[in-house]
Amino acid sequence: MNKKYSVTGMTCAACSSGIERTVSKLDGVSSCSVSLMGESMDVTFDESKLSDGDIRAAVTSLGYGAYDYGKAPAKKQKGLTLKLRFFLSLVLLLPEMYLAMGGMAGLPVPSGWLNYGFQIGLTLAVLCINYSFFASGVMAAVKLVPNMDTLVTLGAAASFLYSLAVAISGSGGHLFFESAAMIVTLVTLGKWLEDRSKARTGKEVEKLLSLAPDTVTLLKDGKEVRVPLAEVKAGDLVVVKQGGSVAVDGTIMEGHAFVDQAAITGESLPVELAEGGRAVSASIVTSGYLVIRAEQVGEDTLLSGVIRMVREAGASKAPIQKLADRVAAVFVPVVVTLALITFAVWLIVTHDIARAVNFGVSVLVISCPCALGLATPVAIMAATGRGASMGVLYKNAEALQRAADIKTVLLDKTATLTEGKPKVVSFEGEEGAKRIAYALETKLDHPLSRCIAAFCGEGENAEEVEYLTGLGAHGFVNGKEYFLGNDRLMKEKDLPFGAWEERFDALSEAGSTVLFLADSERILALFALADTLKEGSREAVASLQAMGCTVRMLTGDNKKVAAHIAGEAGIAKEDVYAEVLPEDKLRAVQACREENAKLSGRTKKGVAMVGDGINDSPALKAADVGFAMGGGTDIAIESADVVLVGSDLRAAQKAVALSRRTMRIVKENLFWAFFYNCIGIPLAAGVFAFAGVTLNPMIASAAMSLSSLFVVTNALRLVRFQRKKTGRAPEQGEQVMTKKFKVEGMMCMHCVAHVKAALEGVAGVAQAEVDLKKKTALVTLSEDVPSETLIAAVTEAGYSAKEV
């Protein structure tokens, strides 16, 4: 059995590592994975040997909380508590700092025990306010899973108890009361800021959650009734008016509207929907009116699925995190040992116990596994949330990491590069041939079959119809055998082309897919079908190529049709695989992986496959990263590692670009975490004291807090990630410029579309990003374009613009 839990009380990587080790040791547990950022735990266990209560008890015994996933107490109070604790501690710390250091500045301060008494009282007050550090630290140490709180506890306790002993003995030695108070105050500040920053990494998920309305309007007996969202059932008729949010997935029964699906697909332009179309949750009706028959509600909607996938991906672990986890598992015991050694060495060398305590405590408080533990997961969570807002869903952190290493991208043609909605553009043959073609194609579920059946309209009844993979179909009509398929099927059946060959060549070169209808003796008719390139496909190909990726196309079409489509998409002829069968797609992926494996050095070597159909699933699984178009089959989506929700190929480029940025930030974070500890611990231990470079516990605790804050803040850059869009691949050495304008007069998404179209219609403009809320337009230029020209284009569209 596999079960997921929400875990509360974790503060650092040592916490999650300790829980993982403890639960993994339970008899009956086969695997356990704990996510610090996701505050969750996945456990696979044998129910006959272990109960759910045993697992919870093991976590609780360590001082943490374990709950059914998603049912942990609200976190808001935690943030408020940290904030309050910090300010209360600061109020008490300031007078204590005056008492401890005022005399050095010549300021009047109480002397003797009066001074000591005030310092002891203020320090105890600060320690009591932050008692949770000590409760957690002591509990973890007792259970032999020490964490960051254990280090803070030891550092503060050592400073306080040593100072208390000196004060009682009256020896006149240096006191560290203010250090004890400063340590916990700065750590509290760091945790408060860290919590605030970490909360921002999940803001994209919070945005998605906010898109589900609390109440919806149902149409019952001709009347509109407002009900709570939880009461909506499949089959209900949901009414959504202008400005309203779609709360269910379903079929549009009535109405016409423009719908903003940006929250799900990442595309800013509204989509036109009408009766018979499909509406999905989290869409916003910008104009019009819809009546939707609910088919998926609650946890079954697309919105819920997206949120679930984002949370699971954010809580998963990337392979690059393994080293940090291994280090974090032994970090605290090693640090405590180093602190004891530091204390002993300085005491032996200098015979100065105050100096030995200073260095020993500094080692304890500067060493923190938090930065190490947060380096990867905080970036993964930020990236998966940002990806969701752009229509990119990573199924796990491993897929996100592998996507950063993509070198070759294989694209299926139909419904990936093209719309996947072919139309019959030419028919040649006897009218009776249409009835026979209709009979065969209505028995099959294939885009080309549906297209021909719709074109023919009506016909005979066929029997024993069989789909011939990669070729076409055959069956019997009125007892006579017929074949309907491509030129390869005709050749396989030894059917002469005769006069049809010239028409076949001409139509193929024009980019049409040609299918023939034949009996066992001759060809009877010809159907020419054309599919158009998707909007954005050429841009996606150019952008991937500009990133250094080799883009190749796979298609079952003949070489002439394939070359035509590839040319439109900007794919080189040598990168086209034509006349491929489903098993050939798998071989193509394997061949590319073998080819890339021979590349030398640290060159990117990954192979990605992008597809949408059942016959793409083996290739999607075999690729290093499989991308499934959101409008594809369930099998393809299940086989893939990344889902492109909006079926827009540009999302594949977004996914690769976001993955590369994420892994760069993860590596920066890991470098900082290791570098910080490798430099900070020797500094705190006094290794560089001969050069006059030392740290006291107060500076050490501040450095520790800042180290974690740096890692989280660095990862937050992903929340603002924007892919660099170019309408074509820039030539080597070409300069890319941007200009920003304030645009007045925009009222809705239609206005955004008009401004965007006006700007992108100017020669030299590669891309225009228009923001309705901020009333701005960011224009990317492939060549120098005067601002006046761009402003004039906006003015002609009916709006006003000013460069900023």
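Backbone N, Cα and C define each Cβ position, glycine as well.
Per TrEMBL, the features are:
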type	residues	note
DOMAIN	1-67	domain 'HMA'
TRANSMEM	84-104	transmembrane segment
TRANSMEM	116-139	transmembrane segment
TRANSMEM	151-169	transmembrane segment
TRANSMEM	175-193	transmembrane segment
TRANSMEM	327-349	transmembrane segment
TRANSMEM	361-383	transmembrane segment
TRANSMEM	670-693	transmembrane segment
TRANSMEM	699-719	transmembrane segment
DOMAIN	737-802	domain 'HMA'
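Under 8 Å from some Cβ of the transmembrane segment (699-719) lie the Cβ atoms of residues 155, 182-183, 186-187, 189-191, 193-194, 197-198, 200-201, 203-204, 361-363, 365-368, 370-371, 374-375, 378-379, 382-383, 385-386, 658, 661-662, 665, 668-669, 672-673, 676, 680, 684, all in the same chain and six or more residues away from its ends.
Averaged over the domain 'HMA' (737-802), the predicted model has a pLDDT of 83. Break the domain 'HMA' (737-802) down by DSSP state and the numbers are 22 helix, 24 strand, 20 coil.
Taking Cβ pairs closer than 8 Å, the transmembrane segment (361-383) reaches residues 11-14, 16-17, 35-38, 147-148, 151-152, 154-156, 158-159, 176, 179, 183, 187, 194, 198, 201-202, 313-318, 320-321, 324-325, 327-328, 331-332, 335-336, 338-339, 342, 394, 397, 400, 658-659, 661-662, 665-666, 669-670, 672-674, 676-677, 680-681, 683-685, 695-697, 699-701, 703-704, 707-708, 710-712, 714-716, 718-719, 721 in its own chain, all 6 or more past its ends. Cβ atoms under 8 Å from those of the transmembrane segment (670-693) belong to residues 320, 323-324, 335, 338, 342, 346, 359, 362-363, 365-367, 371-372, 375-376, 700, 703-704, 707, 710-711, 714 of the same chain, restricted to positions at least 6 beyond its ends.
In summary, the transmembrane segment (116-139) does not lie against the transmembrane segment (327-349): fewer than three C-beta pairs, each 6 or more positions apart in sequence, are under 8 Å. Residues 11, 79, 82-83, 85-86, 89-90, 92-93, 96-97, 99-101, 116, 119-120, 122-123, 126-127, 130, 133, 152, 155-157, 159-160, 162-163, 166-167, 357-358, 361, 365, 696-698, 701-702, 704-706, 708-709 of the same chain, all 6+ positions outside the transmembrane segment (175-193), place their C-beta atoms under 8 angstroms from a C-beta of that stretch.
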